[in-house]
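Participant: Residues or ranges marked as active site, electrophile by Swiss-Prot: HIS92. For GLU164, the entry in Swiss-Prot reads active site, proton acceptor, with the evidence type sequence analysis. The substrate binding site feature in Swiss-Prot is assigned to ASN10, TRP11, LYS12, GLY170, SER209, GLY230, GLY231.
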Amino acid sequence: MNRTPLVAGNWKMNGRKDLLTEMADALAGYAGAAEVVICPPFPYLAAARSAMPGAVGIGSQNVSEQEDGAFTGEVSAPMLAEVGCGYVIIGHSERRALYGETDAQIASKFAHAQAAGLVPILCVGETLEERDSGNTDTIVCGQLRAVVDAVGVAAFANAIVAYEPVWAIGTGKTASPEQAQAVHACLRQFLAKDDPDIAQSLRLLYGGSVKADNAALLFAQSDIDGGLIGGASLTADSFIAICQAAE
């Protein structure tokens, strides 16, 4: 099955308005086949939607598991949709590790995002200790299963899953193309047990120190449909090169 490649730039807590302008100018000249999404920090979401070409999607890096109410500092899915977001990253390893997000919370965020019309980008991944102990497949499929059990497999007809090995996030280490492909294939096969058609159509992204010089080999793998890009998404030239590698 042909799946449209997607490259999402996760700026994390980086960037200023001048980066929005620089990136918008660069993406205005991009006419490739890959779908492109930019995920800046909360304060820049509306400005990003105004600045970016219409074909570029805007995503949030997080969302509340609550609809509304007395939750100081939280941002709801309907609010994100109202300012022009079409996507939201859910369950990033930094959210799990630094803020203690649980599988149950992540599943709730996933459901709230979809209810507001947002496309969740669900992140799964293992630590180096878990990989070294041979538990990679158990961990990542368990993280996926927690959400499938909560929302149903049909929800993944309009979702994206990103495999981000925790040991490769911001470390300069990258899973080899073969290592990444093996996990992506495992995730697709795992979901196929519930629904083969959804499993085949689901886009699986790789995230973990993807750069312009290693993107093409990663994206050439049969079950890798693009990338969730961190540091390399903060420079227009490198991000465009990665988008081109995904075509």
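Placed from the backbone N, Cα and C atoms, the Cβ positions cover glycine too.
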Participant: Determine which residues of this chain, when ASN10, TRP11, LYS12, GLY170, SER209, GLY230, GLY231 are set aside, have a Cβ within 8 Å of the centroid of the substrate site's Cβ atoms, and list them as they appear in the sequence.
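Facilitator: Close Cβ neighbours, site residues excluded: ASN14, ILE169, ILE229, ALA232, SER233, LEU234.
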Participant: Hey, what's the widest CA-to-CA gap across ASN10, TRP11, LYS12, GLY170, SER209, GLY230, GLY231, the substrate contacts in the record, in Å?
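Facilitator: The two farthest binding residues have Cα atoms 14 Å apart.
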Participant: So which one is it: of the recorded positions LYS12, HIS92, which has the fewest other Cβ atoms within 10 Å?
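Facilitator: Ranked by other Cβ atoms within 10 Å, the recorded positions LYS12, HIS92 bottom out at LYS12.
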Participant: Rank the binding-site residues GLY170, GLY230, GLY231 by how many other Cβ atoms lie within 10 Å of each Cβ and give me the one with the fewest.
Facilitator: GLY170
Participant: Counting Cβ atoms within 10 Å across all protein chains shown, which of the binding-site residues ASN10, SER209 comes out on top?
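Facilitator: Going through ASN10, SER209 one by one, the largest Cβ count within 10 Å is at ASN10.
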Participant: Name the secondary structure element type, per DSSP in three states, that contains GLY170 (substrate binding site).
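Facilitator: For GLY170 (substrate binding site) - judged by DSSP and reduced to three states - the answer is coil.
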Participant: Name the one residue among TRP11, LYS12, GLU164, GLY170, GLY231 whose Cα is closest in three-dimensional space to that of HIS92 (active site, electrophile); these are the recorded positions.
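Facilitator: Checked the recorded positions TRP11, LYS12, GLU164, GLY170, GLY231; minimum Cα distance to HIS92 (active site, electrophile) goes to GLU164.
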Participant: Cα-Cα, whole number of Å: ASN10 (substrate binding site) versus the residue listed as 'active site, proton acceptor'?
Facilitator: 12
Participant: Between the Cα atoms of TRP11 (substrate binding site) and GLU164 (active site, proton acceptor), find the distance and write it as a whole number of Å.
Facilitator: 15
